[in-house]
Number of protein chains: 2
Amino acid sequence: MPISGFPEWLPSQRMIEQYTLDKIRSTFELYGFAPLETRAVEPIETLLSKGETSKEVYLLRRLQGEDDPKKEDQLGLHFDLTVPFARFVTENHGKLQFPFRRYQIQKVWRGERPQEGRYREFLQADIDVVNRDTLPFHFDTEMPLVIGDAFRSLPIPQAIIQVNNRKVCEGFYRGLGLEDTAQVLRTVDKLDKIGPEKVAAALIETAGATDAQAQACLKLAEISTSDASFVDLVRALGVTDPLLDEGLDELRQVVEAANEHAPGLIRAELKIARGLDYYTGTVYETQLQGYERFGSICSGGRYETLASVGNTRFPGVGISIGVSRMLGILFGQNALTVSRSVPTAVVIALPSEDERTNCERIATSLRKRGIPTEVAPTAAKFGKQIQFADRRGIPFVWFPTAEGHQVKDIRSGEQTEADPATWTPPTEDLKPQIKGL
Amino acid sequence: MPISGFPEWLPSQRMIEQYTLDKIRSTFELYGFAPLETRAVEPIETLLSKGETSKEVYLLRRLQGEDDPKKEDQLGLHFDLTVPFARFVTENHGKLQFPFRRYQIQKVWRGERPQEGRYREFLQADIDVVNRDTLPFHFDTEMPLVIGDAFRSLPIPQAIIQVNNRKVCEGFYRGLGLEDTAQVLRTVDKLDKIGPEKVAAALIETAGATDAQAQACLKLAEISTSDASFVDLVRALGVTDPLLDEGLDELRQVVEAANEHAPGLIRAELKIARGLDYYTGTVYETQLQGYERFGSICSGGRYETLASVGNTRFPGVGISIGVSRMLGILFGQNALTVSRSVPTAVVIALPSEDERTNCERIATSLRKRGIPTEVAPTAAKFGKQIQFADRRGIPFVWFPTAEGHQVKDIRSGEQTEADPATWTPPTEDLKPQIKGL
């Protein structure tokens, strides 16, 4: 029986997922990110060290294990790839070259109640750069370029990366005279959920804001531009603060680098806060055009302290593609298709069971040249063997005869002579074709 | 802290693992196996339906979940890929085309006490063919060909597939007059552990064998040939039985097909029993030459009933590569190396921070042509930037100047003019090189 929150794709969907992962991985490698995979489990203290996600963790216990293991020995499944990465850096910093760029594509698990588009088991594709002591800001400008390239390599709608900087918000709130900037940020983060009136009321009630201060916070959150013009719009609100200046300069660099690389990829969106995650500067969210209602499919940001060892800090910046989430949304709208349900490009028809060895030789010859090939499972009538290929979307059937070989494109019906040592299908038929809308 | 039984590779080892997985996957696809990935969890009844592995299962519980969920709602991590595959076929048989060929490359978990070469979390790469009602025998002959091709695509020692057929053993025991053939099989399976004398004694004691019968069982287990000559050796023992005949014919077909495809790949090894797994015919084990003491790294066999739905049976045959086990053994002997610890082929040297945008443009131009490129993290002295590349094993450093571009092979010191729009590294330097001993 299906288990709620644990999605499973059919093989044709899994082919689309693999194609997606191959493209993402190859983009990450073009930017020099090294692969990493961490174990699926972490000690419970590692998982709970961020505090906020405790209710989501799946703990493990051995069916025949001892009762009541000591709490500190308990293991749980990781709920993201950032916590395990930070732990890995802490453990292996002596063996790594810094700045250390890694990508990590793995399943993660969250025990929360499943709802539309939320899974309990899902695949994430993360990149992070981490350094010892300080991490130059230019790495923050690189993240959207990588993600933009990865998404553009896929047959999906245009991705828009929305970017903000916590220093802009905190500096602005401070410049306004609001002291509990964390509380203001948490409240403004509810804007899309509860609307501006309720946010204003909550700012007055819980963050000690005046009506004018609350309105200024809302004005800041309204700013959204596709270029660096947000700087002037913020300045026009008349608030000044050194942290605000720093944040505006950083945010401008991110927007300008993205516009130079891929016009239309980025928006400065000053309401983006990324909830309660421990980001300290740049924050990213990403929506697919036409699928904005499904929320962000790729998020991340800058951590001033991703990891620490003794007095040494390891700052980082990273971003994470929610692969299962993105594909679940697109599959739900039938927005991705594949031309066949198997990798096979050619079926070798089997005239009689006696000729299986001969047919296997033909298949071997094609496979040696990289052509995915199956020999028909039984020596049924040729009509049935063609049906075998047709039902799976396999484009070619090969007929071996004593006089010579022929290969048939079963879509067009065209049949031509062919030599097992040289025949090659058209490039577009060699692998299953993945298409978007 | 490392957790016993949960291995983690450094990025350079992970590169070797990915290379291994890419080669295995591409071989599986050349044979037309379609990709499948199942969820990591199964209901506890599904996991325990095979009975024997109950003590190895990791159960999940949500940290903040309700106390004492009903036992039937409990989830556990899968301990192999066969049980989830059987469940997937049962659930989705209406949506699949039979015979259904799938591969599945995933982590599995076992809660058993870790020991040398045994992990609690490890990666398996499985292929299976499953059909409705009956599955032609020729699929049993195909498994060693696929595995042989997969292993030959890797820079590892020669793999020897040891094959046997339960029908040979059971038919032989029956023909001898022994009735509890399962008990005989279980006892003979201990041959490598306890030696022939103790096996003979146990056969007499627990399986009702006479001394002559016990000696005949040991004689059968001694037979090991690289061609079909095992048939005559078995016949020479003077036992006859229809099941024995059937098994000998099947085993001969497997050995002959493998010898035709790849001489040296296979051995008929009549002591192989595959423990208590529910195989009903062909069984496979695989050892790497020179690493026999580490045991099998690729095993499988034929199941007469892989899955069933009502009165419909789904027989299958499959084999599973223990990827983590194999790599753990080879890493332990330093038998696999990679030429660099990052995907990067070229570092663009940065003359000054002002020129970062210009350097990023050069990098973009190289990446667009598939060349993994990084821009230096800081505008340090060129000597330091070359060191940055050298420490990671990156072969080339690119120097942009107003007069023109030069690229230096830092291994040879050779420096040549280069154009960002056309320069390409030698093919062997484009990706990290994986080498065996």
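Yeah, the Cβs are placed from backbone N, Cα and C, and that goes for glycine too.
According to DSSP, B:Asp80 (L-histidine binding site) sits in a coil region rather than a helix or strand. Note: B:Asp80 (L-histidine binding site) has non-local neighbours B:Val108, B:Gln124, B:Ser320, i.e. same-chain residues 6+ apart with C-beta under 8 A of its own C-beta. The L-histidine binding site annotation in TrEMBL covers B:Asp80, B:Leu81, B:Thr82, B:Arg110, B:Gln124, B:Asp128, B:Arg274, B:Tyr278, B:Tyr279.
TrEMBL lists B:428-437 with the feature compositional bias 'Basic and acidic residues'. For the compositional bias 'Basic and acidic residues' (B:428-437), same-chain residues at least 6 beyond its ends with a Cβ under 8 Å from one of its own Cβ atoms are 15-16, 19, 154-157, 335-340, 342-343, 345, 370-372, 393, 395-396.
The annotation domain 'Aminoacyl-transfer RNA synthetases class-II family profile' is assigned in TrEMBL to B:99-343.
The region 'Disordered' annotation in TrEMBL covers B:407-437.
Sequence-distant neighbours of B:Tyr279 (L-histidine binding site) (same chain, 6+ apart, CB under 8 A from its CB) are B:Arg166, B:Gly301, B:Arg302, B:Tyr303. Comparing Cβ neighbour counts within 10 Å across the binding-site residues B:Thr82, B:Gln124, the minimum falls on B:Gln124. DSSP classifies B:Gln124 (L-histidine binding site) as strand under the three-state reduction. With helix defined as DSSP H, G or I and strand as E or B, the compositional bias 'Basic and acidic residues' (B:428-437) counts 3 helix, 3 strand, 4 coil. For the domain 'Aminoacyl-transfer RNA synthetases class-II family profile' (B:99-343), the mean pLDDT of the prediction comes to 95. Counting every protein chain shown, the number of other Cβ atoms lying within 10 Å of the Cβ of B:Arg274 (L-histidine binding site) is 19.
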